[in-house]
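Asker: Structure incoming, see below.
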Amino acid sequence: MSPATIRLGTASPSTQASTPETIAQLEQIARRAASKKIDILLLPEAYIGGYPRGTHFGCVIGSRTAEGREEYLRYFQNAVDLGDTVGDGAGAGEAWIKRALPGDAVPGSNENSKEPAANKRGDGTREQLERIARETGVFIVTGLIEKTGGSMYCSVVYVCPKQGIIGKRRKVMPTGTERLVWAQGSPATLRAVSTTIRGVRINLGAAICWENYMPLVRQSLYSQNINLYLAPTADGRDTWLSLMRTVAIEGRCFVISSNMAVPPPSIPQQIPNSHPDSSSAILTEEPDHENPHDDHTPIFSDHHPSPFAPKHHSNRRASCLTEEGFEIALPRSKSPSTPTTTTTTRRATPSPTRTTTSTVNTLSPSSKRRTSVFDKDGNEIVLCCKKPSHVTNSQTQPMVPPAPKLTNSSSGEWVSRGGSSIISPFGEVLSGPQWEDNTSLICTDVDFEDCIRGRLDLDTAGSYSRNDSFEFGVRGLDLSPLPY
């Protein structure tokens, strides 16, 4: 890795059973990232505290249930207190970052404590995150559920290994029924932050989940001259990758997106050990320094085998990605007792559509079969088909990738498939998307001067903005561009 090269990384871990266990897992991931020399690590939206997917907290219009209130209480208790204030949705800003707020300890509660209570605020989560970043040397950006006053915010913190937390975002527009439990953050928190790694200045800003569908939110980040755009999310649909590629091209910046991969209920989640260097360490094999871009190091110990072991059937598929960003699913037989042989032929002349003839043998009437198409390079893209078939079929299909499924059912489907990825300023998918994998890290080495190279023909906040005719401003937010 050359001095001007920065290694970006992300993962798709899911929230653990409690907040302390999630922070312990975060520490494990950060230590693994450090072993692979990752400089900046992004983790998913609401990773600490949890994303309440599928619940309604007992609420319908005009009615709330006692059970829903108890569920809300548990969710509030799992949220973290960073010691910030409510303010106007932005908190105390620089006063909080610089620890200029007075301590929040109850007078007389620390009489027997040897540790001074001056300026001590919150539940200690901030200090834990700063310690993890400091000890690993990794710049950590993670989503979390922050509680202050009587409200919760979907937040993101920027944790520098040298300076501690240097910034915090609060989601300005929770999506749909998220607004039931998350308050709206102030757009003033959209201020980007800067760090320098090996002489390379990096201006980074985050847009959380469907904030990325808000063009003016994106423009507010572009206007600050960011070169690293972070998108922690809970959206694992195939359309998300298209949005991230658009953002990268539009902003001429590198993009990292991170989403939890939540296994089906039939696969129990394992809790990582909080002391990776102990005799019962979670890492059971040395990280592959020769191939840092393909990390399959498990986070499970010998005492807690990985849920992806062969004895657990999770209907996972191996896949790879074409240059155009299509996922190519590699088929396999459903079980040894129902062997399937698929023979596929294609036309010799390339065409936007392909005629695919699949002959499937030894299929029972209840078995499912998949059809497939080919891209222009001859790679097979396997498409899921819900209708069972045991006859030869010939049909013409458009060249489209299969859409991920995000439903939670008893059939073994993943609650959230993940999809974490890293994109170049020209829209190229550098790493990922990471489907159905909540254990591995993905990373890639990048040259941030590519962002400047891209400005030759597109600068959406500068030469391409026609700011002589279009005026843009955000109340409470300083849009002054950061230098490179």
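Heads up, residue numbers simply count up from 1 along the chain you see.
Glycine is treated like the rest: Cβ placed from N, Cα and C.
TrEMBL entries are annotated by machine, without manual review.
Among the features that TrEMBL reports, region 'Disordered' is placed at 1-20, 102-126, 265-372, 391-413. For 4-305, the entry in TrEMBL reads domain 'CN hydrolase'. Marked as compositional bias 'Polar residues' by TrEMBL: 11-20. Positions annotated as compositional bias 'Basic and acidic residues' by TrEMBL: 112-126, 289-305. According to TrEMBL, the compositional bias 'Low complexity' annotation covers 331-366.
Map these features onto the structure and tell me what's around them.
Answerer: Tertiary neighbourhood of the region 'Disordered' (1-20): same-chain residues 26, 29, 33, 36-44, 46-51, 78-80, 125, 197-200, 202, 228, 254, 256-263, 269, 271-272, 274, 292, 299, 416, 418-422, 432, 434, 437-449, selected by CB-CB distance under 8 Å and a gap of 6+ residues from either end.
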Asker: Over the domain 'CN hydrolase' (4-305), what is the model's average pLDDT?
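Answerer: Its mean pLDDT is 86.
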Asker: Would you mind splitting the compositional bias 'Polar residues' (11-20) into helix, strand and coil residue counts from DSSP?
Answerer: 2 helix, 1 strand, 7 coil
